[in-house]
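Here's the structure we're looking at; comments come further down.
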Amino acid sequence: MGRTLYDKVWDDHVVDQQEDGTCLIYIDRHLVHEVTSPQAFEGLRNAGRKVRRPDCTLATVDHNIPTTPRKNFKNVSTFIQEADSRTQCETLEHNVKEFGLTYFGMDDSRQGIVHVIGPEQGFTLPGCTVNCGDSHTSTHGAFGALAFGIGTSEVEHVLATQTLLQKKSKNMRVKVDGKLAPGVTSKDIVLHIIGVIGTAGGTGCVIEFCGSAFEQMSMEARMSVCNMSIEAGARAGMIAPDETTFEYIRGRPLAPTGAEWDKAVEYWRSLRSDPDAKYDVDVFIDAADIAPTLTWGTSPQDVVAITGTTPDPSTVSDPIRRQAMERALDYIGLKPNTPMQEVKIDKVFIGSCTNSRIEDLRAAAAIAKGRHVADWVYAMVVPGSGLVKKQAEQEGLDRIFKEAGFDWREAGCSMCLGMNPDQLKPGERCASTSNRNFEGRQGAGGRTHLMSPAMAAAAAVTGYFTDVRKLTPAQQDRPASPTPKKIETELEPPVEDHAKAADQADIVTDAPATGASPPSPAPSDAAGMPKFTTLRGYAAPLDIANVDTDMIIPKQFLKTIKRTGLGTALFYNIRFDGATGEENPDFVLNQEPYRQSRILVCTGPNFGCGSSREHAPWAFNDFGIRSIIAPSFADIFFNNCFKNGMLPITLPQDKVEMLAEHAKQKAELEVDLVNQVVRYPGGEVPFDVEPFRKHCLVNGLDDIGLTMQKADLIEAFEAKRSQTWPWLDGKDYAGKATKFTPVATNTAKKQKLDW
């Protein structure tokens, strides 16, 4: 039987396979940043372990850094004002020096967002495996790479062993054929796809995007699509490499050359899915059905055409979906049936790992040219890397933006997640080219609407969500739309002064303290986990669908270099009043006996969707909750739970609702992992768990220690890899799996990469 693109890449990276199907796969490329790596390096240090393949590892700072001008930059210690952010960046600089890793610091023109710098350096190549402690690692799948985000425990695992323990996902194909309408971009396509299949539509799968719509895309457009495959619940997204791919890679600093290039291209051509390959899930979409699209709510699946209106929850029969829709409309400050083009905005963000590349900036500049940002709008453009910024300035794009009233910034993640100074204030509405519109994602109380760079630029110059086709040359002879009326959304008055708005964009505050109980013991950083056999206690009931990682632990609590102390941050935005820090008495964890909960029962599906950050399970562990029961889980969160000695249990909807009713009656539940049952007063419910994961939990085993027992298999694979795919090794690797070549952070831009 034929194989898919995913099958082929997976098969070429299996180091070992266990009886239950768990595989040890080799990781070719590892990207590291400041937020999800400190605890991983600490684990290596405590266990006396080294980084196995420095030549396959690349580090940079992106999430926490300011995007203000760097003309007076000396070092991160003096430049980054916010203490926790500064500590994370300083810690990364210390770690890359100690462990001998290549690092693009803030004084290096190559610094930028991890998922921008990997491709532009030629670090990302077709057919390779790519990991990063960031869920949008799926971006690199645009090259035909198997790329997926991992948690901090797995970051440590890759650093130590250059491998991961994984179960193979299902194959899913999303095919988009036909002629695209004018004004429709890759961002519109992927938002439309997510709207069709939902944020859990790809759960348990790797999506292969195919069809004429993707074949005609540039590499940068393909990256935007694969970037957001995680928002559809998929483990990864992939597009088969072709001539467009090869031309993009050719000549990049880390791309193969000469005979190696020819051999590489021959291999890359072989990766395309076979004609008779079988897929577990097939989705077909007519390109003609896709219009310029944006989000209306607080989930990437809450999408609507720019010509459409917000939905009406009263027409939805499913109570969980109706409740989620009502909650989203309430948070976003819009009423049912509101025309999207009548919604007034406050800010515009053009940037993020989804849309901060040169083509994105060109598209936005084409709309901005000759126009000006609306008087009440603050608009910012944040290039994805120093090299993108430099190229844009060479093309004069910066002048177009500045003349139009946009703020032209330095490279970084910026307002995508508001961990840095670039944030929304409560009530502010933002047209954003980023990838997530969760509650509080861009700042507490901020209202995020996702869209393409061209659509964001159109919103900036009109002050309202606008059909970009009205502003493009081919559409200028169309009759003008009626003057949009302002929608009353209970916003705070918008900032009128642009200088003042820019200053406010740089305000960041520390996480507020709370009076919650002290944290419970957490797993050791060095090795091993507490054993999990049985767990008895109160179970907190929660009736929310699509509980995302930003809801579980808001971004302001991610700026830590430890795994502990996060119990007070669990569900902070709905557990506490953001302004006063006072408890919300209506939230279940603030009620007795649920303050002592050891189990959580959530009746809504897709629990833990969103980021790969391991801070979410750390927060649960620190609070004292070690088991979560739900109808379904997002893949990365599900995996991260096991890495932290926690047990996520998937049960049918009716069983979850039954257990939730017992929880609401304040009855204790018992999770018996050994016998694989959940006991409740008068009965029990069986559950499934993978044998290897059960074995590790029951015995408190350390994945890294287990993997290191297979050193001979890893070494044999590396020898085969060097012979078969030599372009994947660093230039001076020569079989030396622990070679270190430190790169001093203050001279990185002057040194030639020793790969």
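We number each residue from 1, going along the chain as drawn.
Positions of Cβ are set from backbone N, Cα and C atoms, glycine also.
DSSP assigns Cys353 ([4Fe-4S] cluster binding site) to coil in the three-state reduction, outside any helix or strand. Taking the Cβ of Cys353 ([4Fe-4S] cluster binding site) as reference, residues of its chain lying under 8 Å away and at least six apart in sequence are, in sequence order, Ile113, Val114, His115, Val116, His136, Thr139, Asn227, Gly384, Cys413, Cys416, Asn435. Among the features that Swiss-Prot reports, [4Fe-4S] cluster binding site is placed at Cys353, Cys413, Cys416, with the record citing similarity to another entry.
Under the heading region 'Disordered', Swiss-Prot lists 427-446 (among others). Within the chain carrying the region 'Disordered' (427-446), a Cβ under 8 angstroms from the stretch's Cβ atoms is held by residues 136, 187, 227-228, 231, 294-295, 297-300, 302, 331, 333, 343-356, 360, 415-418, 452-453, 455-456, 459-460, 465, 489-492, 494, 548, 550-551, 554-556, 573, 578, 610, all 6 or more beyond its ends.
Annotated region 'Disordered' per Swiss-Prot: 471-493 (among others), in sequence order.
Summarising the annotation, Swiss-Prot assigns region 'Disordered' to 510-529 (among others).
According to Swiss-Prot, the compositional bias 'Low complexity' annotation covers 510-528.
Within 8 Å of the centroid defined by the CB atoms of Cys353, Cys413, Cys416, the record's [4Fe-4S] cluster site, lie the Cβ atoms of Asp62, His63, Ile113, His115, His136, Gly351, Ser352, Thr354, Ser356, Gly412, Ser414, Leu417, Ser434, Asn435, excluding the listed residues themselves. In the three-state DSSP scheme, Cys413 ([4Fe-4S] cluster binding site) is classed as coil. Residue density at Cys413 ([4Fe-4S] cluster binding site): 31 other Cβ atoms are found within 10 A of its Cβ, drawing on all protein chains shown.
Across the region 'Disordered' (427-446), DSSP classifies residues as 0 helix, 4 strand, 16 coil. In the shown protein chains, 30 other C-beta atoms lie within 10 A of the C-beta of Cys416 ([4Fe-4S] cluster binding site).
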